[in-house]
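For reference, TrEMBL has these:
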DOMAIN    28-255  domain 'Glycosyl hydrolase family 36 N-terminal'
BINDING   TRP170, ASP335, ASP336, ARG412, LYS445, TRP446, ASP447, MET448, ASN449, CYS493, ASP515  substrate binding site
ACT_SITE  ASP447  active site, nucleophile
ACT_SITE  ASP515  active site, proton donor
DOMAIN    616-687  domain 'Glycosyl hydrolase family 36 C-terminal'
Amino acid sequence: MPAPDTRLWAIDTPNTSYVVAVDEHDRLRGLHWGPRLSREQALALLELPESPFRPVVGREPRFDLGAASAFQYGHNGLQVRFADGTRDLELVFTEAIESEGGLEFVFTDRHYPLEVRARYRNHADSDVIERALTLRNNGTEPIEVVRADSATWVVPALDTPRLSQLHGEWGAETQLTRTTIPYGETVIGSRRGVTSHQANPWVAVDDGAATETSGRVWSTALAWSGSWRITVEKGPTGNVVVSAGFGHDPIAIRLGGGETLETPIAAGLHTERGFAGAASAWHEYTLAHVIPHPDEVRPILYNSWEATEFDFTAEDQMRLADRAAAMGCELFVMDDGWFGARVNDRAGLGDWTPNPDRFPDGLGPLIKHVHGLGMRFGIWVEPEMVNPDSDLYRAHPDWVYHQPHRRRSEVRQQLVLNLARQDVAEHIHAQLDELLSDNEIDFVKWDMNRPFTEAGWPGAEDPDRLWFDHTRNLYAILDRLRADHPDLRIESCSSGGGRVDFGILRRTDQVWTSDNTDALDRIAIQEGFAQAYAARVMGAWVTDSPNPLTRRAVPLDFRFHVAMAGVLAVGGDLRIWSDEEQARGAELVADYKRIRPTVQLGRRYPLRAGTVSGVQYAKDDAVVVLAWRAARSFAYPDPLLKLHGLDPDARYRDERTGRVHHGAILASHGLELGLDPADYASAMIELKRLP
Ligand code: GLA
């Protein structure tokens, strides 16, 4: 609410306030992002001393809307170039529009016909604030938009600010690191046209002392699945801003006369509950405001990729489906290799009709078989791609991104279709729509296996648009397919976890976390993933041992218990699993079905004690602990695991043993796990709060 005689506003959430004020130069300053303040308290922010204005030094980065203009030497979230070459903005505050759950500031340039709207949205049940920009060219000449960050969050001054980020690569996604923020600008992002394995659009800032369970944490995430950039800037006196936006340098957008540019949402969160508190706030926000069917627990899927790769017949798929159904799986997903001339990775991408040798009667018989087993049927597609050896490419060689006089670099013998072209987007939509209309397909795994190269669009008026319009058209196709096929559920995959972000999660039901299914590596990947993304969307397969990628041999229970911390699935070659393994697998699948609502919809707490780690999920009266220990040291006994979020006065019954524990003891001394002393020991423990 604005104060009557000032230009100050607070965006309030249940526990926090983000306070901004328009100063005498019409700049939007970030004054407070922390505990909730009353109006009177927020107004007192205006009385705090300001650091002196020293133009030679530059400014302290404290503007919520960082528009490039005089003396703004740091990172500017908003940068344009007008047709006459002018780059500086002089924004004039026009109005603030308040609505239910939202606040919008309108600025217009003092001279040029540019309107800038900064939009916030808050929710009654979440400390996450959403922010986006809308730019409108009210003139006739084009305006070049060099940078339009969705949000520039102003973090209060901290002693030794620290940055948490998720980095990685293929097979090693979402690795969490925390480093002291250096002075100047730290930039992470993707120039690949896709979210990327190398960096995920999520960061957290703390004062260097936050722990899992306590301390102040400021976190931001960008809801965008194309190229992106997050700039973390520490000014001379330690102030930090975090600016997040789509696009990458040197890409700019030409905004034509009358045109509007909407940025994606950047979401921001402050908590005093430490890193795990921040993570669970993101998870709760995901369930309440991001994913399409939040109350629906995900089925246990079987995916055939690691079992067969490209070498299979329809009959092979049916036999795998038989085994998967016997184990208790609920959704059978046929992966790559079913369409066009796709019997290896050299041909067929782009031709989304069943391979006539493998499926002489179409997909119908397989789908009928799978449905007959009581499972849903899912299928793999990679619609943004084409193999040069395909009917689609032979008919439309100009439909891929390319530049004149440049080679067309292939990755895995494939090129990227120019989805920014409306005709290409229409074609892709039509092919998928036909596939889904002609067949009873319940689930699609939508893959994207290579980054952009030579990203050109010969003949286009503004070829750089492709970096934005590719993602927009991808979203539009997904939205349209979902609307027309309401029972369809979609998994986002990009060579594993290369497209995991809050943009894709608005229109998909789960993501494929990593092609690395080694349980030990997965513990680290899942820990990083969980900083922002909920267990409800984290696809986790149990595969063969030794693992095909790492060659590590890991016992079946350990593999299952690690995968049970997310959306459990099976991806091994069930044709070679022994009867004993199949039977144990079925028991573990049944265990998972009991704990699934708690894991997928509950609150997550990371657990660690010495060589033992794990996760706890809690929902209503149910508490689930999944714990694992790869190796003991010096034959020391396993430590107890302290649990979190329990009622100290309540008692909790171990559903397996019947033993009753006091909440106070579980919290301050811990839970005895009874792990096998051998390596790769693991446990699943279900506790129920007694009335
Ligand atoms: C990617 C995916 C895998 C599998 C293959 C199929 O690598 O991440 O899960 O679908 O493509 O080619």
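Every residue, even glycine, has its Cβ placed from backbone N, Cα and C.
Structure with TrEMBL features highlighted.
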| residue | record | Cβ contacts under 8 Å, 6 or more apart |
| --- | --- | --- |
| TRP170 | substrate binding site | HIS197, SER495, GLY496, GLY498, ASP515 |
| ASP336 | substrate binding site | TRP305, GLU309, PHE310, ARG342, ASP345, TRP380, GLU382, ASP447 |
| LYS445 | substrate binding site | ASN303, VAL333, ASP335, GLY378, ILE379, TRP380, VAL381, ILE490, GLU491, CYS493, TRP512 |
| ASN449 | substrate binding site | GLU382, MET385, VAL411, ARG412, GLN414, SER494, SER495 |
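Secondary structure at ASP336 (substrate binding site), as computed by DSSP, is coil. Ligand 1 lies within reach of ASP447, ASN449 from the binding-site residues TRP170, ASP447, ASN449, judged by a C-beta closer than 6 angstroms to any of its atoms. In terms of DSSP secondary structure, the domain 'Glycosyl hydrolase family 36 C-terminal' (616-687) contains 6 helix, 28 strand, 38 coil. In the predicted model, the domain 'Glycosyl hydrolase family 36 N-terminal' (28-255) has a mean pLDDT of 94. Each of the binding-site residues ASP447, ASP515 was scored by the other Cβ atoms within 10 Å of its Cβ; the lowest score goes to ASP515. For the substrate site, whose annotated binding residues are TRP170, ASP335, ASP336, ARG412, LYS445, TRP446, ASP447, MET448, ASN449, CYS493, ASP515, the maximal Cα to Cα separation is 19 Å.
A coil conformation is recorded for ASP515 (substrate binding site) in the three-state DSSP classification, outside any helix or strand.
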